[in-house]
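Engineer: Below are the structure tokens for one structure; questions will follow.
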Amino acid sequence: MEGHGCSKYFGFSGCCGGDKRKISEKVVLRVNSQVSQNNNIHSTGEEEEGEEKKVIGRNMESTLKSLRDGESVLDLSPRSTVSGGVEDVYGEDRATEDQLVTPWTFSVASGYSLLRDPQYNKGLAFTEKERDAHYLRGLLPPTVSNQSLQEKKLMHNIRQYQVPLQKYVAMMDLQERNERLFYKLLIDNVEELLPVVYTPTVGEACQKYGSIFRRPQGLYISLKEKGKILEVLKNWPERSIQVIVVTDGERILGLGDLGCQGMGIPVGKLALYTALGGVRPSACLPVTIDVGTNNEKLLNDEFYIGLRQNRATGQEYYELLHEFMTAVKQNYGEKVLVQFEDFANHNAFELLAKYGTTHLVFNDDIQGTASVVLAGVVAALKLIGGTLPEHTFLFLGAGEAGTGIAELIALEMSKQTKTPIEESRKKIWLVDSKGLIVSSRKNSLQHFKKPWAHEHEPVNSLLEAVKVIKPTVLIGSSGVGKTFTKEVVEAMTSNNDKPLILALSNPTSQSECTAEEAYQWSEGRTIFASGSPFDPVEYKGKVYASGQANNAYIFPGFGLGLVISGAIRVHDDMLLAASEALAKQVSEENYKNGLIYPPFSNIRKISANIAANVAAKAYELGLATRLPRPQNLVEYAESCMYTPVYRNYR
């Protein structure tokens, strides 16, 4: 170790001052203590210095080689695999609190670095022994705390904020400071914090992302990186990536084109992959593809962090996306899940169709939304009666979400009735900005709307469509708020004893109607669920609690199921399996309260069941690569889940 070589591998400064031999020795003994014990090289005053240097040198060389090759430096069983065959390098999934682990080498070399590494920092929870072992003396106040007390203090602090965006910033700061504590808070307080780190607050966060931007989270791949995307992926410090969430920022929630500032969505989604689905954070990668923005307000904003140009389209756009998809597969392998998020309609369908046969890809807006809504509809049948094929559906909105939901419902109907899907589609009607989608409009329709163009006279408004189609289920996915008017809800109620109304658009400001409006205008008869959360509503002395048709019910467990089975492709039957698993989690007590979704407090159990169902379907379809198949997939899914309790460092 000559010159500054040690700082290159161990990340501490000042290594060339003082006794270099002693520092080198400390690093070897602390980093690779198992090797040290096996070779009996603990230094004593009686050893010959020359022999000692040779032994230390050999072990240093071995250690550095193993680090470069991605080997573990832990005292755990060698080459252990978990979660679809990806190495659990740091024992994050299986280690218990009393099992000693050593964090990554540069962290143990300097206490100051350790306190600033969110993956390993425990703050005041470092024990007296750890403070001595990892050079933390004097860098922390003398009090030794624990994770429970830290959690209690932070929840108290977060609850003091009145503005949701302040809570969001506080949570993001915590994630950048102490990763395990962040996930512990989120898991233990999921119903309270989910609206903070995800919808609706994440929408406002994306709008103001340039102003609140502090530290990069994830990879930004812009047109500047064209031809170098594989190199950019290699800049990411983690090698064993299992899930990538990628957006191009063109259609963020119902807020439109937010360009590079759409990064808040992949970051938020992956936080839920870990908290709700148990995919470990080191295996998650948020990505934003920046091809510019057509949002003039952002282009003129001095704090905007993205490319200041109008969006690239056509060949330039698709070449960049193709390079990205090719590089991802080359760098991370066949089994990495790529989740497309908030792409505009014209790109979303094309990307899903293009890469669905060559990559493990999933579009949450098309497929995840469809799966969670189908689960809600299936669960609601216990309250509204009848079988799925007996109901008539009317959608407001014929974009990614609307057509995706409609297609999955039609698929399930077709499966139940054993009839062609074309027949099932006839029970489903869609309204877009130009009115009811009918066959006379077929020539002017986008390709994904054409299957829904049925024989009927033109109908210009939603209200008129409700009156003539007489649907039993009304679903809003338009991204336009206040479109389920009093007249529309009253028309639904006049046609049905218990109408099912789903106002799915996010964030809250874009919801087709509020829970209060739905219950009041239907005189308490509607079964209601929304995309964003609403407080319980009191109407004529009775309290109505509405469900939340949130994609967070589906995608974390769905992704976990793909990972633990080592799936190489996504199949529609996997989406049906996820819907079925979610619908089964609704209890009788939930039904008594008018709920068609289970409470989020049970989300990890729900995700494990969804993961097991999805994995089982992957094995059944021959798309799973993790063999042999585990006997109990629910137990296996639970065993693979990341747990955020602190580890004790040696």
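Glycine too: its Cβ is placed from the backbone N, Cα and C atoms.
Keep in mind that what you see is a predicted model, and the values were worked out from it rather than measured.
These came from TrEMBL, pasted as-is:
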- 175-356: domain 'Malic enzyme N-terminal' (DOMAIN)
- TYR198: active site, proton donor (ACT_SITE)
- ARG251, ASN506, ASN550: (S)-malate binding site (BINDING)
- LYS269: active site, proton acceptor (ACT_SITE)
- GLU341, ASP342, ASP365: divalent metal cation binding site (BINDING)
- 366-619: domain 'Malic enzyme NAD-binding' (DOMAIN)
Engineer: I need the nearest neighbour of TYR198 (active site, proton donor) among the recorded positions ARG251, LYS269, GLU341, ASP342, ASN550, using C-alpha distances.
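Structural biologist: Closest recorded candidate to TYR198 (active site, proton donor) by Cα: LYS269.
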Engineer: Can you give me the same-chain residues 6 or more apart in sequence from GLU341 (divalent metal cation binding site) with a CB-CB distance under 8 Å?
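Structural biologist: Result: VAL245, VAL246, THR247, ILE265, PRO266, LYS269, ASN363, ASP364, ASP365.
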Engineer: Which has the fewest other Cβ atoms within 10 Å: ASP342, ASP365, the binding-site residues listed?
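Structural biologist: Among the binding-site residues ASP342, ASP365, the lowest count of other Cβ atoms within 10 Å belongs to ASP365.
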Engineer: Do any residues at least six apart in sequence from ASN550 ((S)-malate binding site), in the same chain, have a Cβ closer than 8 Å to its Cβ, and if so which, in order?
Structural biologist: LEU194, TYR198, THR199, VAL372, GLY531, PRO533, TYR597, PHE600
Engineer: Within a 10 Å radius around the Cβ, which one of these recorded positions has the most neighbouring Cβ atoms: ARG251, LYS269?
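Structural biologist: Per the Cβ count, the most surrounded site is LYS269.
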Engineer: When you average the Cβ positions of GLU341, ASP342, ASP365 for the divalent metal cation site, which other residues in that chain have a Cβ within 8 Å of that mean position?
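Structural biologist: Going along the sequence, the neighbours come out as THR247, ARG251, ILE252, ILE265, PHE340, PHE343, ALA348, ASN363, ASP364, GLU400.
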Engineer: Check each residue in the chain of ASN506 ((S)-malate binding site) that is at least six apart in sequence and keep those whose C-beta is under 8 Å from its C-beta; list them in sequence order.
Structural biologist: THR199, PRO200, GLY203, LEU253, GLY254, GLY531, SER532
Engineer: Cα-Cα separation of ASP342 (divalent metal cation binding site) and ARG251 ((S)-malate binding site), in Å?
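Structural biologist: The Cα atom of ASP342 (divalent metal cation binding site) is 5 Å away from the Cα atom of ARG251 ((S)-malate binding site).
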Engineer: Quick one: give me the count of other CB atoms within 10 A of the CB of TYR198 (active site, proton donor).
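Structural biologist: There are 26 of them.
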Engineer: In Å, how long is the longest CA to CA span across ARG251, ASN506, ASN550, which the record gives as the (S)-malate binders?
Structural biologist: 18
